[in-house]
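Enquirer: Straight out of TrEMBL:
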- ASP231: active site (ACT_SITE)
- ASP594: active site (ACT_SITE)
- LYS201, GLU202, ASP231: UDP-alpha-D-glucose binding site (BINDING)
- LYS373, ASP397: Mn(2+) binding site (BINDING)
- 1-13: compositional bias 'Polar residues' (COMPBIAS)
- 1-40: region 'Disordered' (REGION)
- 108-125: transmembrane segment (TRANSMEM)
- 137-156: transmembrane segment (TRANSMEM)
- 673-692: transmembrane segment (TRANSMEM)
- 704-727: transmembrane segment (TRANSMEM)
- 739-763: transmembrane segment (TRANSMEM)
- 784-808: transmembrane segment (TRANSMEM)
- 820-841: transmembrane segment (TRANSMEM)
- 853-873: transmembrane segment (TRANSMEM)
Amino acid sequence: MASKALTTGSHSRNGYRFSVFDDSDEENGDCNIQQQRKHNDRAFSLAGSVASKDFEEQKPFNYNEEKGKGNQEKRSLMSNDIGEDEFLLAESRQPLCRKVPIASSLINPYRIVIVMRLVVLVFFFHFRITTPVHDAFALWIISVICEIWLSLSWVVDQFPKWFPMTRETYLERLSMRFEREGEPNLLAAVDVFVTTADPLKEPPIITANTVLSILSVDYPVDKVSCYVSDDSASMLLFDTLSQTSQFARIWIPFCKKYNIEPRAPESYFSQKVDYLKDKVHPTFVKDRRAMKREYEEFKVRINVLVAESQKKPEEGWVLQDGTPWPGNNTDNHPGMIQVCLGSAGAVDIEGKSLPRLVYVSREKCSGYQHHNKAGAMNSLLRVSAVLSNAPFVLNLDCDQYINNSKAIREAMCFLMDPLLGKKTAYVQFPRRFDGIDDSDRYANHNSVFYDINMKCLDGIQGPVYVGTGCVFNRQALYGYKPPTEKRQKTGFSCCCCCSDDSRSELDFEEIDDVFEDSDEQEKSSFMSLKVFEKKFGESPVFIASALMEDGGLPKGTNTQILVKEAIHVISIGYEEKTEWGKEIGWLYGSTTEDILTGFNMHCRGWKSVYCMPERAAFKGSAPINLSDRLHQVLKWASGSTEIFFSGYCPLWYGYSGKLKWLQRLAYTNHVVYPFSSIPLLVYCMIPAICLLTGKFILPTLTSLASIWLMALFISIILTCVLELRWSKVNIQDWWRNEQFWVIGGVSAHLFAVFQGLLKVAGLDTNFTVRTKSADNAAFGQLHVFKWTTLLIPPTSIVILNMVGIVAGVSEAINSGYNSWGLLFGKVFFSFWVIVHLYPFLKGLMGRQNRTPIIVVLWATLLALIFSMIWVRIDVFLPKKTGPVLSQCGIEC
C-alpha cells in the first residue's frame, strides 16, 4: 500500500516499543519517527499566574431579559443618535444566550393532567388490589405486579419532565465581543476528537468526510485542532488521512468562499436541493463542477486504498522507504502520532493557514484492559493537552459530521458567556441522522428523547451526555469542581527552557503562593508532585497543561519535547495507579461511558446545556435494518445495567455532591429502564394466556370500576396529546417511539438484563463495533435481514398472541353468544400487543414481503407447540355445564 516515506526510531520502555511520526515537512509529506525519551529526562519549569479574561470583568447580566425588551433598547439607542461604536459596545455587553421557557398556556395543562393521572392511578390500583380474581389468582397477581412496576417506571420517567425549556443564542454578540476588527481574535480554541475502531466496519470515506467537515468549520483556523484516534492501528486509515489532508487544501477554500452547507462533501453533493439558491457569485457553478470532479477522484483514491487493504502481504505492510508499519499486529503495537496538517508552511491553495490534523493510535498490548472508546478518548484528551491544550473539547463519532458550520460558535455562546460559562461542564447537541426511511420504522430519530426528555432535563441541571456531538469544558473532564463565588479561579502558565534531553522540575513554591487564598482542602491537593502524579500520571508536561485553566501552550515551548511527551501519555502503563477512568476523563466500567461521565460531572455540581440550533449541528448514520438497530439498543441497555451493578449507580452514589433530586431521578431512569423488560414481556404474554385458558385478569366490572378504567385511558391519551402540543413532536414519531419501546423492551432490554447478571457473575460479554454503511442507495439497508437471537422473544410473543386469538374465537363460537363480551376484552389486549410489534413483523418480512426461511421454520415449530398446548386445553370438548348426552333407549 502506498504511503509516505518514514524514518523510524525506537526506545525500549518496560519492554515495549514506542514510535513517533511528526510531519515536519508538510509540502513533501516526509515523516520522522523519533525516539521515546526516558522517564528521568525531564526539564520543565512552571510559574503560577492568576488568569483572567476580559469578559469576566464585565458586570453581570440579566438572563431573564425578554427579546422584545432588547429590540426596544436598540431602537432607543438609535433614536437618541448614539454613535455606532457606542451601540456596538452596548450590544456586545448583552448576554450571549438566554433561556426560553415553555409558555404557561402549554405547560400548565400538561402538569395538571399529570397530577390527575397520578390520582387516577391510585384509585385504579386500589380497585385492582381489593378485587382479586379467584378463579385466575396466579394471572391476577402477576398482572398486578407488572402493572405496578410499569406505573412506577412511568412516574420515574415523568417527574423530570416538569420543567421543560429551550434556549436561544446570539452569534452576532459573540462575534462583536471576541472578534473585533483590528484586534486579536479572542475566541477560545477547540480540540475536536474523532474515534474509530475498525476501518472495515467504519468505511474510511465516512471518516474522511467527518474530518473534512471539521477542518472547514466556520471558526478561526488557528483555533481548531482535529485529533483522530485509530484503535485498530490501520495503515488504511493512516493513508486515508494523508489523502484527506491533501484534498482539504482545495476543499476548505471552496467552502469558505461560497459559504456552503453542509461541509462534508459526500452530503453536500448528494443533497437534493437547489444548490444555486442564494448563490450570486458568477464563478460558483464552474467551481462547484470542478470541485465535484476533484471529490470523485478523491473517492476513487480512497477506494483504491480499501481494495489494497484487503490483500495484506505475508510480511505485513511496509512504508515507501521499506520501514515496516508499526501497527501490523493490531493487538501489540507501539503508540503512534502523525501530524498530518498544522506544521509550519502548511497552507491551502490560496496560501492561507490550515487547521491542525493529527493521527493518533495509542499503544496496545495483549493482556491489558484498554477500555474501548473511553480509553481512546482519554488518550486523545492527554495528547491534545500536550500538543494544543485548547480549553474546550468537541467529541464526534467517525460517522457524525458537522452539518452546521457555526456549531462550535453556538456552543461558545454558552461556554464563553460571563455567567453561565464557568459553571457549564458541556454543551450537548441533539443527534440527527441521514438516510432514514420516511416512516422511520425503527424510531431511529428518537424524537421523544431528543425533543422532549432532553429539553426537560435542561430545565433542571442539564441534559445527559449522549456520547457524541458534545463540547466539553476541559476542566470538567479533569475532575475539577465548578468555581464558586468564594473561590478565586487560578490559571497556570509554564515555560520550556530546556534542551531535547532535559526537563526542569515543577516549582511548587509558586503554586503554593497562588493557592494561598483557596480553601484548605483544595490547597492540600496541590502540595506535592506525588499528588499530581497520582491523579494525572507521571508527566510534568501534562500536569502543567492541566493547571492552565484557559488552555494554550506556553511561549517558547520546544515542539520536539511535546511530541515525545505525547507518545508517553498514550503508553499502556500510563494510567496505572492514577485516577484516569475513575474520576478523571471518560469513566470506565460501562460500555455507555457517556452516561457515566456526564453523571459524575453533575454530581460534582457542574451544569450542562442543551443547544438546538435551527439547522442541525451534526448529522450521522443510523442502523436502519432491524437486527443492527436491536444490537445498538442492546449496547445502550447493557451499559445501563452495568452502571446499575457498579458503584456509580444513581440510587446510592453521589449523595455528598450537588446532584439535584430530579436530576438523580432522571439518571435512575436511565439505568433501571432495562429491568422493565421483564414485566413488559410477561404483560405481553398475559392476553394470549387468557385466551388459551379462558381466564381473565379483571373481575366483572362495577359501574365505579368502569369509571376509573375509563378515566385512566382518558388521562393517558391527554398526557400524550398535551406533551406533543408543547414539544411539537409529530404523532408519527411519538407512535414509532411507543412501538419500538415495546420491541426493544421484549428483546434487547431483556438480553441486556441477563448480560448484566452474567457480568456480575464474572462472565464478561464483548461489545462489537456497529457497521456503518457507505451505501448511497436510498434506504439500501432497510430490508436487509440478519438473523440474531434478539428476534426470538418478540417472534414468540407474536405467534403466541395469534394462536391465542384463534383459540379464543374458536372457544367463543363453541360456547355461544354470552362468551363474546369477555372475548372482546381479551382480543383487544392481544391486538394491542400485535400492533405495537407491527414494525418488527415488517422487518421479518424483508424485501417484497418475503419472510426468511429460518423465520418460517422457527415460527412453524412454535405454532405446532402452541397448537398442541391448545388441544390439551380441550376447547373442542363439551363443557360440564352443557346438555347431558345419554342414550334414548330406542334402537334405530
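In case you wondered, yes, glycine gets a Cβ from its N, Cα and C as well.
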Enquirer: If I take the Cα of ASP231 (active site) as reference, which of the binding-site residues LYS201, GLU202, LYS373, ASP397 has the closest Cα?
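Expert: Closest by Cα distance to ASP231 (active site) among the binding-site residues LYS201, GLU202, LYS373, ASP397: LYS373.
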Enquirer: Across all protein chains in the structure, which of the binding-site residues LYS201, LYS373 has the highest Cβ count within 10 Å?
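Expert: The residue with the densest Cβ neighbourhood is LYS373.
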Enquirer: How about long-range neighbours of the transmembrane segment (673-692): same chain, 6 or more residues beyond its ends, C-beta under 8 Å?
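Expert: Answer is 136, 139, 142-143, 145-147, 149-150, 153, 157, 637-638, 640-641, 644, 742, 745-746, 749-750, 752-753, 756, 793, 797, 800-801, 803-805, 807-808, 823, 826-827, 829-830, 832-833, 866, 869-870, 873.
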Enquirer: Have a look at the recorded positions LYS373, ASP397, ASP594 and say which one has the shortest Cα distance to GLU202 (UDP-alpha-D-glucose binding site).
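Expert: Looking at Cα distances from GLU202 (UDP-alpha-D-glucose binding site), the smallest one goes to ASP397.
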Enquirer: For the transmembrane segment (820-841), which recorded stretch in the set 108-125, 739-763, 784-808 gives the largest number of Cβ pairs separated by under 8 Å?
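Expert: Highest pair count goes to 784-808.
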Enquirer: Roughly how many Å lie between the Cα atoms of LYS201 (UDP-alpha-D-glucose binding site) and ASP594 (active site), rounded to a whole value?
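Expert: LYS201 (UDP-alpha-D-glucose binding site) to ASP594 (active site), Cα-Cα distance: 22 Å.
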Enquirer: Report the largest Cα to Cα distance, in Å and rounded to a whole number, among the residues LYS201, GLU202, ASP231 that the record lists as binding UDP-alpha-D-glucose.
Expert: 13
Enquirer: What else in the chain is close to the transmembrane segment (739-763), if you only count residues 6 or more beyond its ends and a Cβ gap under 8 Å?
Expert: 442-443, 630-631, 633-634, 637-638, 640-642, 644-645, 673-678, 680-681, 684, 789-791, 793-794, 797, 833, 835-840
Enquirer: When you measure from the Cβ of ASP397 (Mn(2+) binding site), which residues in the chain that are at least 6 apart have a Cβ under 8 Å away?
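Expert: Residues satisfying the criterion: VAL194, THR195, THR210, GLY467, THR468, GLY620.
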Enquirer: Around ASP594 (active site), which residues of its chain at least 6 apart sit with Cβ under 8 Å of its Cβ?
Expert: VAL464, TYR465, VAL466, GLY467, TRP586
